Structures are given as C-alpha cells and as structure tokens.
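A.B. asks: Feature table excerpt (Swiss-Prot):
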{"type": "SIGNAL", "residues": "1-19", "note": "signal peptide"}
{"type": "MOD_RES", "residues": "Gln20", "note": "pyrrolidone carboxylic acid"}
{"type": "DOMAIN", "residues": "20-126", "note": "domain 'Ig-like V-type'"}
{"type": "DISULFID", "residues": "Cys28-Cys130", "note": "disulfide bond"}
{"type": "DISULFID", "residues": "Cys38-Cys104", "note": "disulfide bond"}
{"type": "CARBOHYD", "residues": "Asn42", "note": "N-linked glycosylation site"}
{"type": "CARBOHYD", "residues": "Asn79", "note": "N-linked glycosylation site"}
{"type": "MOD_RES", "residues": "Ser82", "note": "phosphoserine"}
{"type": "CARBOHYD", "residues": "Asn119", "note": "N-linked glycosylation site"}
{"type": "LIPID", "residues": "Cys130", "note": "GPI-anchor amidated cysteine"}
{"type": "CARBOHYD", "residues": "Asn139", "note": "N-linked glycosylation site"}
Amino acid sequence: MNLAISIALLLTVLQVSRGQKVTSLTACLVDQSLRLDCRHENTSSSPIQYEFSLTRETKKHVLFGTVGVPEHTYRSRTNFTSKYNMKVLYLSAFTSKDEGTYTCALHHSGHSPPISSQNVTVLRDKLVKCEGISLLAQNTSWLLLLLLSLSLLQATDFMSL
C-alpha cells in the first residue's frame, strides 16, 4: 500500500513540474521603476506558487510572491500584476543600490525548492526603457491587425484615392 501511495505521489509531482515552467524573465525601466516580466507555462491544474527575489552580494532578498515573506524594505515599493501566463513586478524608486540578480521562481507549494526559475542581472545604467519592448513583446495582435488592415486597404485600392 505504501508503495502505491509513493508512486502516485511521484507521478503527481512529475506531472505538476512538467506543466509549470518559467520561459523568460526580462527587465526594463518605466520612469523610475524597474519592471520584471516573468513569462511562464502552466498546463497543470495546480495553482502557481511564485517568488520574485533579488540576490545582491550573495544575500537573497524576497521582494514579492506566494512563497516566502517579502522583506519590509521592499513591501512599500512593489506593485504586482498577473495575467494568464505572465507575472509582472514593479519596483519603484529603482536606484543603483537595487542592482543585482533578480529571480522569478515557481514552486509546488509552500517553501519547497523551486521547480523552475530564471535569472536576470540588472544594472541601472544598462537598462532599456520598457516602451520599446512592451508594444511588441507583450501584445502583437494590434500590430498584426494593423498590417492586415493596410494590406486589405491596399488591395481595394483605398490607398490610391
């Protein structure tokens, strides 16, 4: 009986870990805020447990998430939004003191080791502005619609009028 329970538990864990994966983590600057876009897959029925953290000088600082307790110094500076396959964290008043390696990690539940994570090293003077990234990287449907509309208008000779 114990063997059957162990096998069932192992299969459940394998199924969940296969269905939850961080696909990318990007960083950019919006005004004076750092924006972290954590894109992920979730093909399992289990809810996603996640954590954003900063490692600076070998010390890990939890910023936000459902795993771990965010440090007091970051609580008032973070703003979080979530979509189906993306978690977005804003860190306001970003300065060179906030430079380091940022991590987005997915967990099974509680304080278990992460099943998937991505890192990005952030340096203030190397950050790009988000405006150029967000239009194309987050929502390309409007661009596709515009291109198709222009082709349709050109095909109907509307452009030559």
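We number each residue from 1, going along the chain as drawn.
Here the Cβ of each residue, glycine as well, is placed from N, Cα and C on the backbone.
Each of these features: where is it, how hidden is it, and who are its neighbours?
C.D. replies: On its own chain, Gln20 (pyrrolidone carboxylic acid) has His40, Glu41, Asn42, Thr43, Ser44, Ser46, Ile48, Leu106, Ile115, Ser116 as residues at least 6 apart in sequence with a Cβ closer than 8 Å to its own Cβ. Under the three-state DSSP scheme, Gln20 (pyrrolidone carboxylic acid) falls in the strand class.
DSSP assigns Cys28 (disulfide bond) to a strand segment in the three-state reduction.
Secondary structure at Cys38 (disulfide bond), as computed by DSSP, is strand. Sequence-distant contacts of Cys38 (disulfide bond), defined as residues of its own chain at least six apart whose C-beta falls under 8 angstroms from its C-beta, comprise Val22, Ser24, Leu25, Tyr50, Phe52, Met86, Lys87, Val88, Leu89, Cys104, Gln118.
Just so you know, the Cβ of Asn42 (N-linked glycosylation site) picks up 15 other Cβ atoms within 10 Å once every protein chain is counted.
Following the DSSP three-state reduction, the secondary structure of Asn79 (N-linked glycosylation site) is strand. Sequence-distant contacts of Asn79 (N-linked glycosylation site), defined as residues of its own chain at least six apart whose C-beta falls under 8 angstroms from its C-beta, comprise Ser33, Leu89, Tyr90, Ser92.
Around Ser82 (phosphoserine), the same-chain residues six or more apart in sequence whose CB sits under 8 Å from its CB are Val88, listed in sequence order.
Look at Asn119 (N-linked glycosylation site): DSSP puts it in a strand. Listed in sequence order, Leu25, Thr101, Tyr102, Thr103 are the same-chain residues six or more apart from Asn119 (N-linked glycosylation site) with CB atoms under 8 A from its CB.
Using a 10 Å radius centred on the Cβ of Cys130 (disulfide bond) and all shown protein chains, the other Cβ atoms total 21.
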A.B. asks: Report the member of Cys28, Cys104 (the disulfide-bonded residues) whose C-beta atom has the most other C-beta atoms within 10 angstroms.
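C.D. replies: That would be Cys104, with the most Cβ atoms nearby.
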A.B. asks: According to DSSP, collapsed to three classes, what secondary structure does Cys130 (disulfide bond) have?
C.D. replies: helix
